[in-house]
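As written in TrEMBL, here are the features:
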TRANSMEM  30-52  transmembrane segment
TRANSMEM  76-97  transmembrane segment
TRANSMEM  138-156  transmembrane segment
TRANSMEM  162-187  transmembrane segment
TRANSMEM  199-218  transmembrane segment
TRANSMEM  269-289  transmembrane segment
TRANSMEM  298-318  transmembrane segment
TRANSMEM  338-366  transmembrane segment
TRANSMEM  387-409  transmembrane segment
TRANSMEM  451-469  transmembrane segment
TRANSMEM  481-507  transmembrane segment
TRANSMEM  519-545  transmembrane segment
C-alpha cells in the first residue's frame with residue numbers, strides 16, 4: 001500500500017476520528033436504551049399469526065359449519081410462560097459461531113451493516129445536523145398522524161390510513177404495485193366458509209406464498225452452500241504457502257477492520273455458557289411446553305430442538321449473504337411436519353401451530369442476534385454487552401408484549417373477525433396451513449387443488465423470469481408474495497400504499513437527495529403516530545366510550561340503495 005492509499009484510507013476511516021477516545025467497558029455499555037430497543041425488537045410477532053390462530057374466533061370462523069376442532073384462547077399467563085421458555089434459545093444457539101461468521105467469513109449482514117453506518121454517521125458534524133432535521137420531520141408527521149387517527153376515531157371513519165401511506169413510502173414501488181394487482185385479482189370475492197369463496201382465496205394465497213417461499217428458500221440455500229464452500233476455500237487458502245514465498249497469504253486489514261476485530265474478540269462469551277444455556281433452557285422447555293399445549297408431546301419438542309440449531313445456522317448464514325431471513329419458511333415446515341406427525345385425532349392443528357412458534361422464535365432470534373453482532377462489530381460495541389442486553393431486553397419483551405396484546409385483545413372483542421377494524425388475516429392463513437398439514441388435500445374446496453397447483457407453479461415461474469431478466473429489466477414484473485397478501489387480507493390498504501409510493505416517486509423526481517434523506521423519517525412518523533393512537537383507542541374502548549359521530553364514504557351504487565331505503 002503506497003503513501004497516497006494510506007492517506008486516502010485515513011480520510012475515509014471512521015475510527016481514526018475517535019482513535020484517542022477510550023471505549024467504555026462492556027458493563028458501562030449496558031444502558032436502559034439498549035434494553036428498550038432490544039425489547040421492542042424481540043417477541044413482537046406471533047400475536048397476529050400462529051398464537052392468535054389457536055383462538056376460538058379464528059378456528060370457528062375458518063372451520064365454519066364444522067365441529068370437532070380444538071382451540072386455545074389467548075390468556076396472559078400461558079402466553080408469558082410460553083414466550084419465556086422458547087424466546088431465549090435462539091440467543092444461545094449461535095453465540096459460539098459469532099467470530100467465524102463476522103470475522104473469518106466476513107459476512108456482510110446488510111441490515112446490520114447499514115445500521116452501523118447510520119450510527120457512525122451521527123458522530124460526524126454533517127451527520128449530526130442531518131439527524132436533527134430528520135428528527136424534526138419525524139416529529140411533525142408523527143403529530144399529524146396521531147391527530148388524523150383521532151379525527152378518524154371521532155367520526156368513525158376508516159377510509160384513509162396514515163400507517164399504510166407510510167408503509168408505501170418505505171416499500172419499493174414494485175411491492176406496492178404488486179399489492180394493488182393482487183387486490184384487483186381478488187376483488188369482490190366475498191368471504192364465506194373455508195369450503196366456499198374464502199377457501200379459494202385463502203388456499204390460492206397459500207399456494208402463492210409457498211411457491212414464492214420454496215423458490216427463494218432453494219435460491220438462498222444454494223447461495224448459502226456456495227458461499228459457505230467459497231468461504232471455507234478462501235480461509236484454507238490463507239494458510240497455504242504460495243510458490244514464490246513461504247509466508248501465508250493474508251490480506252492487509254484497514255485501520256477500521258483492525259480496531260473492530262481487536263475489540264470484538266476482547267470480551268469473549270464462554271462457549272460452555274452458550275452450550276450449557278441452550279441445553280438447560282431446552283430441558284426446561286421440554287418439560288414445560290406439554291403442560292401449556294398438551295397436544296405437543298415431549299418427543300416433538302426434542303426433535304425440534306435437535307434440528308433448530310442446524311436450521312438457525314443455515315438461516316443466519318443466508319441472512320448474512322442476502323439479508324433474507326427464512327424464519328417463517330422454517331415455521332411453516334414445523335407446522336406441516338409436527339402437525340402431520342401428531343395427527344388430527346390428537347390435536348395436530350394446535351401442535352403444529354405451537355411447533356411453528358417454537359421454531360420461528362429460535363431461528364429468527366439467532367439471525368437477528370448475528371445482525372446485531374455485525375452492528376456492534378462496526379460500532380465498537382462489546383459482544384458481551386450486546387448479548388446481556390439481548391437477554392434482558394428479551395425478558396422484558398416476554399412480559400411487556402403480551403400485556404400490550406392483552407389490552408388490545410380485551411379492548412376489541414371483534415379482534416380477528418373479518419370486515420372489522422383488525423381482521424388478523426395471517427391468523428386464518430396459519431390455521432388453514434395447519435389444518436392442511438393435518439387433513440391433507442381433503443381440507444380443500446372442490447377443484448381448489450388444481451387452482452393451487454397453477455398458482456404455485458406461476459409463483460415459481462414469475463420468480464425465475466425475474467431472476468433471468470436481472471434487476472434492471474425485471475422492475476415491471478410483480479412479486480408473487482406481495483400479490484398474495486390481498487387475497488386473505490383484502491384490498492382496502494392497497495390504494496393507501498400506492499399513494500405513499502406515488503408521494504415518494506414525485507418527491508424523488510423533484511428532489512432525490514431530500515427524498516432519500518427525509519422520506520424514511522416522514523414514513524416513520526406516519527406509522528408511529530397512527531400506531532400510538534391504538535393505545536388511547538384501547539383505553540377508550542375499555543372505558544366503554546364510543547365515537548359520537550359516524551361518517552363513511554359510500555360508492556354510488558351503495559349510496560343509491562341507502563337513498564331508496566330512506567325514501568321508502
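Backbone N, Cα and C define each Cβ position, glycine as well.
Just so it is clear, the model here is predicted, and its values are computed rather than measured.
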Among 76-97, 138-156, 162-187, 199-218, 387-409, point out the range having the most Cβ pairs under 8 angstroms from the transmembrane segment (298-318).
76-97
Is the transmembrane segment (199-218) packed against any residues at least 6 beyond its ends, judged by a Cβ distance under 8 Å, and which are they?
186, 189, 191-193, 324, 326, 328-329, 332, 428-429, 432-433, 436, 444-445, 448, 451-453, 455-460, 463-464, 479-481, 483-485, 487-488
Folded-back contacts onto the transmembrane segment (269-289), same chain, C-beta under 8 angstroms, at least six residues removed:
81-82, 85-86, 88-89, 92-93, 95-96, 98, 296, 298, 301-302, 305, 309, 354, 358, 383-384, 387
Quick check for me: are there 3+ Cβ pairs below 8 Å between the transmembrane segment (387-409) and the transmembrane segment (162-187), leaving out pairs under 6 residues apart?
no
Selected stretch (most C-beta pairs under 8 A with the transmembrane segment (76-97)) from 138-156, 162-187, 338-366:
338-366
For the transmembrane segment (519-545): best-contacting stretch of 138-156, 338-366, 481-507, by Cβ pairs under 8 Å:
138-156
